[in-house]
Structure formats: C-alpha cells, structure tokens
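Marked as transmembrane segment by TrEMBL: 12-31, 173-198. The domain 'HAMP' feature in TrEMBL is assigned to 219-271. TrEMBL lists 431-493 with the feature coiled coil. Feature annotation from TrEMBL assigns domain 'Histidine kinase' to 531-752. Annotation comment: TrEMBL describes 802-916, 925-1041, 1071-1188 as domain 'Response regulatory'. Look at TrEMBL and you will find ASP851, ASP974, ASP1121 tagged as 4-aspartylphosphate.
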Amino acid sequence: MAHKVLKNLQLGFGFSMLVLISSALAMYISLQRQRANKEVVDQTSANITAAQLVLIDLQNAETGQRGFLLTGQDKFLEPFQISKISLPKHIDDLLHSDLKSVQGQEVEKLAIFATRRMAILEDLIKDRKILQQPSQDMLDEGKKLMDSCRTIIHNIRVDQEERLEVQSQKLDYASWLTSLLIGIASFASLIITSLFFWKLRSDYSQRIKLQEELVAKEKEMKMRLNLIRGIAEKVTKGDFNISIADSEQDDLGNIAQNLLLMTNSLKQSFHKLNQNDWKKNAIAQLNSGLMGNKSLTEICEYSLRFIIQYMKLENGAFYIFKKPSLTLKASVGLKDKLPREIDTKEGPIGEVLQSKTVKVIKDISPHEFHIKLANGELYIKDVALFPILYQQECIGVLELGSRVNITEEIIDLTQELGENIGVAITDAHSRERVQQLLEETQTQTEELQVQHSELENLNVELEAQTQKLKVSEEELRSQQEELLISNRHLEERSLILEEKNQMIAMRNKEIQEKAEALALSTKYKSEFLANMSHELRTPLNSILLLSRVLSENNEGNLNSEQIESSNVIWSSGNGLLNLIDEILDLSKIEAGKMNLEIQEFEVSSLIDDVKQMFKPLINEKNLKFEVENSLINEFTIYSDRLRVEQILRNLLSNALKFTGEGSIKLKVERVKNEDFVTFEISDTGIGIAADKIEVIFDAFQQADGSTRRKFGGTGLGLSISRELARLLQGELSVQSQLNKGSTFKLRVPITTKQEIPLSEEDKIIQEFSPFAEVKSNNDLLAMEIPEEIPDNRSEIKENDRVILIVEDDTVFAKSLIAFANKAGFKAICVVRGDLALTTALKYQPVAILLDIMLPVMDGWQVLESLKTNVDTRHIPVHMMSAENIKKHDSIRNGAINFINKPFNIEDFQDIFTKIDSALNSGPKKVLIIEENTKHASALSYYLESFKISTEIKSTLEDSVQALNSQRVDCVILDMGVPDAVAYDTIEAIKSNSGLEDLPIIVFTGKSLSPQEELKIKQYADSIVLKTAHSYQRILDEVSLFLHLVDKQNGSGYRNSTIPLGSISEILQNRKILIADDDIRNVFSLSKSLEKFNVKVFTAMDGQEAWDKLQENPSIEIILMDIMMPNLDGFEAIKKIRNDSRFKNLPIIAVTAKAMIGDREKCILAGASDYISKPVDPDQLVSLLRVWLFDH
C-alpha cells in the first residue's frame, strides 16, 4: 500500500513538474522571441531615422545654398557647410545598416543621388562667388536628384514601417501563444491533481489514519497548486504585480519561489520594452508633426500641446530666446496674463537659460499654484523647466506642470524631444530669413522692370531725336553755303574792328587808372573808418562808463526811473557799438583783412544752434518755423562756422522782421553732383520789388529808404552777408515777389580752401561735454524711493569722523556702512538725492560717497548743489555708479574720484584710502603759467595768503618739467600768452601720463569767440575772465578742485579777508594820472574811480602828462591814451621811460582803435599793460590791482 501510494505520489509529482517545466519553457521561448522582435523594431526605427537625417542634410544644404545665391553673404552657407560634413556620415550609417540586405539597390542609389546633389549645390555656390549666372541645366538636374532622393527615402520609410508592423504582429502573436500555453498547463495541472486526488482517496479508505493524513496533505497541496495556478493566470494576463507567501522548503515551495523570480524578471523586461516603445513612438509622432514649412509659433504650439497630451501633464509654457530677453510663444492651461517677456537673468527660467540644465521644482504646496475649474480646483505638485538646445546653445525654455510627481522617464523623453524641437526651431528661423530675402528680391525685380520700361521709352525718344538731327544736318549744309558768302563781308568788317580795338585799348588804360584810383580811395576809406571808429568810440566810452556808474547808484541818490534811464542809455550805447563793429567788419572785408578760421564742423549742430536761437522769437510773433535738413547728422563741412552762422542769423533776422504772419522755413541740402551745401531761408513776408532786388545788397541801402518807412535798420546786414559768402568761396542769392515773400539761398562749398593750411591745434574737437550736458538727465533718476535704513547718526560724538553715504540700493548701502565703520568712520545714509545737501549741512561730514542714479534728484544735481554751497563745497565727494560715466566728467565737476559698480573688497579699501588722502594731504600747490611776471606775482601773492603754495613758470618747457618733477594739484594758465603757446601748453600737460585728470583753469583778459571757448574747453576745466572780482573767482575755482577747507570754521574761503582781498584797500589814497585829450573820457574815468578814494591827476596830451609827472613824481600809475595832440601816447611813454626815476612806473596804454597788433606796439613802446576803449570798469580795476598791490 505504501509503495503504491508512493508510486502514485511520484506519478502525480512528476506530471506536475512536467507541466510546470513545460509552461516555464514556453514562456522563456516566448520572451526570447519578443526580445528578437524588439531588436528588429529598434533597427527599423534606426533605419527610418538614418534615412530622415539624409533628407534633412540635403534640405539644410539646399536652404543655405538658396540664401547665399540670394544675398551673396557667406553667413548663409553655415547650414550647407554643416550638411556637407554630416551627410557622408549619415550615408555611411545607412550603407552599413541592415537596409543593405533588404533594399541594397535603393540605398546605393540614394547614396549616389545625394552625393551628386551636394556636388551640384557646391558648383552653384562657386558660380555665385565668381558672379556667374547659374546654369539652368544644373538647376533642373539638381531638382530631379532632390526629387529622386525624396522618393527613395519615402519608399524606405514605407517599407520599414511595413516591416515594423509585421514585427509588431509577430510580437502580439508570441504574447498570445504564451498566454495559451500557460492556460493549457494550468488546465492540465488541474486535471492531473483531480485524478490523483480521487485515486489516493480510494487507497486511504482502508487506512483511516493514513487517509486523514493524506486528506490533510491533499488540502495543502491543493492550496499551493491553486496559488501556483493563480500566479500563472496573472502572468498570462500581463499582471506581474504578485507575491507568494509559500515558505515551505519542499519542491512545491521551490517551484513557487522560482515562479516568483521568473515573474519579476518578466515584469522588468516588459516594462523596459514598453518604455522604449513609448519613447520611440513619441519621437516618431513629434518628428512627423514638425515636418513641413511650419512657422516658429506653430512649431512651439504643436510641440507644447503634444508633450502635454502624450505625457498626460496639466499645463505648460514655451519661451524662445530672442536677445535680450525670453519671449512667450505658446502656453497651455495657464492664465492669459502671462509675462510676454522675461529677462535672461530673471527667475528659474532665466537660470535654466544660463545653465542649460533641467530644473525640477517638486512638492509645490497647494496654495502656491493651482488651476481653477468649473467643478473645483486642481493643484500642481511638480514643475519642470527644460532648456531647448541647438549645437550646445540654449535657444528656448520649456515649462511643464503636473499634478503628480514628474518621473525620470518624462524628463529623459522631454530632453530627447527638445533636441528635435531645437532643430525644427532653427529651421524655422532659416525659412523666415529666406522668405524675407525672397520678398526683397521680388521688390528689387519689380523696380528693375520699371526701370527697364523707362529705358525703352528713352530709346524711342532718342530715335526720334536722331531723325531730327538728320534733318538739321541738311539745314546746316545749306547754312554753310550762306556762311561762305558772309565771310567775305566779315573780312571787310574786320578792318573796321581793328580800328575799334585800338580805341578799346585806350579806354582800358583809362579804366586801369580809375581802378588804381579806386583802390587808393578804398585805402583812404579804411583809414577814415578806423579814425572815425576812434572818434566815435571816444565819446561812446564816456557814455558807457557814466551810464554804468549811474545805473549802479552807489550813492543811492537816484530813483528807479533815473536808474532805468541810465540802463537805457547804456543799452543804446552798446547798440551803437555793435553798429560801429558792423562798419568795421565791412571795411575789413573790402580791404581784404577779414581772417577766416576754417574748421570742420557738423552742419546739424549749426542748424540746432540757429534753431534754438530763433525759435522763441518766431513763436513770440505766432509764426510757423520749419526746419528741413536732408543731410545726415554726422555730415561735416570745412568752413568758418562763425561766419556761416553770422550769415544765417542775419537772414533769419530779416525774415523775422519782414514777416507779420505765415511761416519761415530753413531748408538745408547738398547740391547734386557738386561739392556744395545750400541753406535756403524762405518767408511769407512783404517780399521785395523786382527793381529793388539788387539794391538791397548795396551797403547802407534798403528796399524802402523813405523817411516814412515801416522797418528800421542800417542796410549793412545783407551787404556784409554777401561779402562774407564770397569770402567763403560761396554765393548769396535771392528770389522774391512783392507781398508774397522772399527766398534767400546761401551756397557754401563743402571744403573752403585757404592759402595757409590749418594746424592741428586749430581744429576744434566737436565732442565736448560741459557740465550742463552731464547733469540733470531724467534717465539717471531712479523711479522708486526705498525706505530709510539704520545708520550711526544717533551714535555720533564730538571729534568723530563722519562720512555721508547717498545711495538708494539699501543692500549695498548697508555694506558701505559696515566697511566705513571698520575704517574708523561713523556713517550716515540717505536714500534720496534731495536730502543730501540738508544732511551735509547738518552733520558736516568729512567726506561723501555719492551714487548717480537716485530718486527725486540725480547725482550730478546733488554734486552741483554741494559744490555751489559755501558750507559744503570743500567736502571731498567720491562718486560711484553702475552707469557708463567718464571718470574725467566727475573730477571736472569737483569730485575727488569716480568708480564703476560693481566693485569688490579691494575697491572698498581704495575708496577710503582716497578719502584719507584727501583729508590728510598737506598744503596744496598751484602752478601759474604766465609770461607777465607782474600778473603772475599778484595772483601768487593772493593765493599764498590762503596758504596755497604756488610756483610761477613762463615757458612751455619749464611748465612741463615742473609738473613732472614735483607734485602740483592745479594749473592756472593765463591766456595773455600767444594763442599758439597757450594751446601747446594745455595739450602738452594733458598728453603726459598721470596728468590727464589735473585741473586746468584758464585766466584770460580778452573776450573769447565761441570757437576759441569751445577749443579751450576740450582741455581746460574752467575759464575765468579778468574782472574786478576775478581773483575771488579764481580762489573759488581752486577751492572747488582742491577741496580746500578753512581749518578754523570748517567751511570754504568765501568769507575770508586778507589785505589783497579788498580792492578798496589796494586803491585807497593811490595817485593815478589820466592822460586823454577828450575831457569826457577823463571825467568818466575819474568818476568810475572816485568810489575807491583815489587821487586823480589829469592831462590833455602827452606833453602835459610829462609835466604833471615832473610836478608830482609820487604818482603811482598812469592811464595813457595813445592818440593825443602835440605828444601822442607812444612818444610820451618813451619819454617817461628814458627817465631812470620812472623806469618801473606802471603805465597802462588806452586806445580806441582796437586794431590787430595795437597791444604789441604799446608794449614795445614801453607800456606795462594795455586796455582798449570803451574801457570796461571791472577790467580796469583788475589791472590797477595787479600793478598796485605791492607798489
């Protein structure tokens, strides 16, 4: 019985093992087939991709070739060059794939056609480079080859897709067969178990105890077999998520454990297969959707929607990088009010753009991000940001949001898809550029067609003219015969002409004699005008001086009407002086003594100056002012800018005077085919009668010269303007209709030639930036006012070193405060520019750190307010800014230094080192460059009384040597030296290394022209005119640049008093001799000096001046007029100098002629200094102080 039971058990166990092994073997075979099918699927996908890459290379090459053919620019060949390199590799990959065995002939054809196509494209490019027209045969052949390549690739793709479908069907059949075998094995196992159950039951019926054991064993086996059967059924259905609790160490337990291991292996294999199929399918679908000529927006929208739908995400956005920011191109499931543009350094999106790496933001809290729906709200859990790369460059950022965690599979797939999207975006950009070039080409083609039609019309007209010429030729032949007859008559008349020529020669001689007489008359006229100028300036000098004295009302005995009358007299005198200057200008032009200052200047700058000058006046008369400038802004001409502007001002003044209503127009253009520029001024005024047009250009002539005329004037303006235009090698013309208006046209050459070429130092540099242009720019005003930050103001004690920080960046300001504390300063901070001055006045800091871009008031305005206030101008100011500001501009305006943001710890140290240097430096030193030792000594004495060390030099070499050999903090250059030397000195100083930022103050006693002032300001930081208060002005400028401070009261030197600082003290009780033959001048000069309590001696000529000096040898200075009777000024000066007693007596020459060379003549005769009439009282007092301060 036992043996039988054992035998039955062996049979049952054997059959069960056989069924189990059979099912396992069947599943293993099925798995191997699935793997084989997967490899075939992968290879098929690779074949499709390889063929597609060949097509993409050909398309890119064709795109680059078209762009180059259209534009001829090499940058469009970039896609062609890339394809030229990559195409052989892709063809080689295709030849070595399994396609060779399946579609060998097609692949070889494709390789041949593609290679030939690339060769044709390269030949076309070479033809284009040598400007050769492309061959139509080559174009047709290239198109056929491209079409053949597309057809072959399409056939390969269709064949491979069919192959992919067959392999998929085989994979499905293998899966079905595996399920069937597992089912059969399970069913067989059930039958065998049931059979042996009933067989064993009959055996156990004889032995109850054995039966009970067998029944228990049977139940146990049944339960375990059912478990195995359930596992097999789940595996058959594709459910691999199973577990087995059978821990028995018998055969069934081992089978169950092995079955569990096999199931887990199957689960992992199927998961990898599904993931790979999922990725391949996504890539294939995306590539299919991106094919075609889609725009950039369509590509972005399709890509974003496909990724969201395929990966079952919630929302997303697509940003494309377009310098200088990221632009939103597509969004799904987000709010409409998304930012259209994002800065490249802003937020996580900007971070991804810069780093070119994926960024995932996980576990977002529900209240931070959610989507509202009609039925409720959906919460976003994860957000991922992906860079879109093309050739290692980030061209966009893709943002995706998900309700669940974003897996690594999604991240990997999105990165792979991003590469294809990057290629598609780049292709779209290329297509857009090619389309744009095509449109431009079409436009140019249409223009050429129009020009061709015009040429055809011209040819027809030329043919007609040719016929007319033939007719004219016949007429000329007949006329020639007539001329032969006429020649005979002419020979007879020639005898008569010889007699007339002799008469003409006699008359020419008479004309030559008259021309010489006219030249002599012009000379006498010029001399007369010069003498008349003297005679007019002499009484005018008295008028201006006395009216100025009366208007000042020093004694306070005049009422307001009398003061106003005095001002009217002074103003009228200046008007008369201007008239005299106009007459002299005309005289200089006629005598050929008018000098031109030829320079290069921008026409647009000249027009802007004229426009700003006349626009308020024209608006005041309610006229319309139009300016039409067809020249480019940088267009320049070589001419005398001052004289051109003088002509334009005269013409515009006339237009304004004679136009009561309507408009005035200024038009500027270049003459076609000529090197001339025309300035055309039109008005709608009263116009000019035809018979008066030439008269208006004559001197002292007007169109209306009657005593009842409506408009005033001397009639010199247009005469001077026409002569100046001729002097500039141009011309001035006019067209006018009575009561309709006039048009004056000034024609000036682009290059005015002159006999002596301009030296380099006479060329005016146009790019000069004065203080007014640097400061008060609205672009430098910060829009937001931050909150105040804590500082050390409550901790300040006596003798603490306080530093004021003016900075609106609170984070940076806190860093400055901390560093200032480490450096031993107490720091006060304000975040607004308008609070800087009041804070500085209250706390009197030892230094100021000033930002430029500030709220309410920018840094330049703050600096100006600090430097114009007496109590703060001495405080060193260190400027800083993130803006592109020239360091020299800040130093020129009074700062000790400037630094650009951002800066590091070492820069912090440099700032406070510079401040310490400014605070702890010793006495300042000023170099005075002046050839007149008396002027230099007076100025030196004045500055040294304020503890400012000075050194005097008179030559260029000595000045530069002094600057290089010792420390100099400032330079004062007197422009009384010859102009060329002065300019050489300034340029030599600025060209030396280390002296670029050295402040230079120009001190001059002559009135500067706009050209001279602009030229000086290229190098000088300030210009001071010599007046009665010019020394105080010099001290103010020196204090500004050297940051001088009065150690006793902590402020500047404005209120200090010294012996030389008081003009009254210098002039009090001085004995002055005034020698002038005009009693009015003597009276006016005496009157202007009497307020200084001086003792005045007078003389009416040179001889009387000598006699007065003999009688009063204690006289301390002489004012000597040059043109006097009996003994003129030159002779009187020489006579005085011959007396050893008066060898060093100061003599100031006074003359009214104001001609070139007068000063040199006076100095050569022995005069100490020189002043011209009408005498400026301030300038006279300045000269008296110079010559009397130590006399």
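All residue numbers here begin at 1 and follow the chain in the order shown.
Including glycine, each Cβ sits where the backbone N, Cα and C put it.
Sorted by the number of other CB atoms within 10 A, the modified residues ASP851, ASP974 start with ASP974, the lowest. ASP974 (4-aspartylphosphate) sits 25 Å from ASP1121 (4-aspartylphosphate), taking the C-alpha atoms as the reference points. The Cβ neighbour count for ASP1121 (4-aspartylphosphate), using a 10 Å radius and every protein chain shown, is 27. On a Cα basis, ASP1121 (4-aspartylphosphate) lies 57 Å away from ASP851 (4-aspartylphosphate). Helix, strand and coil residue tallies for the domain 'Response regulatory' (802-916), in that order: 52 helix, 25 strand, 38 coil [DSSP]. Secondary structure of the domain 'Response regulatory' (1071-1188) per DSSP, as helix, strand and coil residue counts: 56 helix, 24 strand, 38 coil. In the predicted model, the domain 'HAMP' (219-271) has a mean pLDDT of 68.
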